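As recorded in Swiss-Prot:
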{"type": "BINDING", "residues": "His161, Cys196, Cys200, Met207", "note": "Cu cation A1 binding site"}
{"type": "BINDING", "residues": "Cys196, Glu198, Cys200, His204", "note": "Cu cation A2 binding site"}
{"type": "TOPO_DOM", "residues": "1-26", "note": "topological domain 'Mitochondrial intermembrane'"}
{"type": "TOPO_DOM", "residues": "49-62", "note": "topological domain 'Mitochondrial matrix'"}
{"type": "TOPO_DOM", "residues": "83-229", "note": "topological domain 'Mitochondrial intermembrane'"}
{"type": "TRANSMEM", "residues": "27-48", "note": "transmembrane segment"}
{"type": "TRANSMEM", "residues": "63-82", "note": "transmembrane segment"}
Amino acid sequence: MANWTQLGLQDASSPLMEELIYFHDYTLIILTLITILVFYGLASLIVSSNTNRFFLEGQSLETIWTVIPAVILIFIALPSLQLLYLIDEVNNPFLTIKAIGHQWYWSYEYADYRDLEFDSYMIPTNDLTLGNPRLLEVDNRLTLPSQTPIRVLVTSSDVLHSWTVPSLGIKMDAVPGRLNQVNFFISRCGLFYGQCSEICGANHSFMPIVIESVNFSSFENWVSNFLNE
């Protein structure tokens, strides 16, 4: 969950988010070095009064400023392609969830369990208890086991939505009439907050996502209690 005045990314709670943060830092270093080099060249050009009236062409210089940017782009593209593969790879998930976007709430279906489905609405500010985050808490949390491969099928019943949980590195569009899938692996137990990230109408800001990650035995107990209610 993001903190007040936080400037950086949220703490990673999945291997995918760890890789995304690493790629962000790696790319930022390259961009910083390029920015310093460009500003140094501009400053030298402004400050220096030396000119060369006989300098008409420079094949070597043109080769250098063509090859070096190409090499830099390759060094950025390779880890980026690796990340794209990891995002799309689904390897034998233990649990499959279907997340359906509505105006303006989410509903969840556990495909591996019969009759395990519910709607998840934001709790109004007046009904919050002490310690609950405003505009982020819901009446029914999505309970998932930690240390388990999970697949989520995302769709919508009306307009475009987007199912997003930043600390897990997840953002998947919910498109009417189409099933998109995303996979993740939660590294630790805890509460992970997200929101719809696609403008979907008047109450777009009021359809949060809350994932409660628990150990596997607690998850089995939760499923048993839910089905017995």
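Using the three backbone atoms N, Cα and C, a Cβ is placed for every residue, glycine included.
Tertiary neighbourhood of the topological domain 'Mitochondrial intermembrane' (1-26): same-chain residues 79-80, 82-83, 86-87, 133, 136, 166-170, 184-188, 190-193, 213, selected by CB-CB distance under 8 Å and a gap of 6+ residues from either end.
Counted with DSSP, the topological domain 'Mitochondrial matrix' (49-62) comes out as 4 helix, 0 strand, 10 coil. Within its own chain, the transmembrane segment (63-82) is flanked in space by residues 19, 23, 26-27, 30, 34, which lie at least six positions past its ends and keep a Cβ under 8 Å from the stretch.
For the Cu cation A1 site, the Cβ centre of His161, Cys196, Cys200, Met207 serves as reference, and the other residues of the chain with Cβ at most 8 Å from it are Gly101, Gln103, Trp104, Trp106, Ser162, Ala174, Gln195, Ser197, Glu198, Gly201, His204. Around the Cβ of Cys200 (Cu cation A1 binding site), the number of neighbouring Cβ atoms within 10 Å comes to 21.
In the three-state DSSP reading, His204 (Cu cation A2 binding site) counts as helix.
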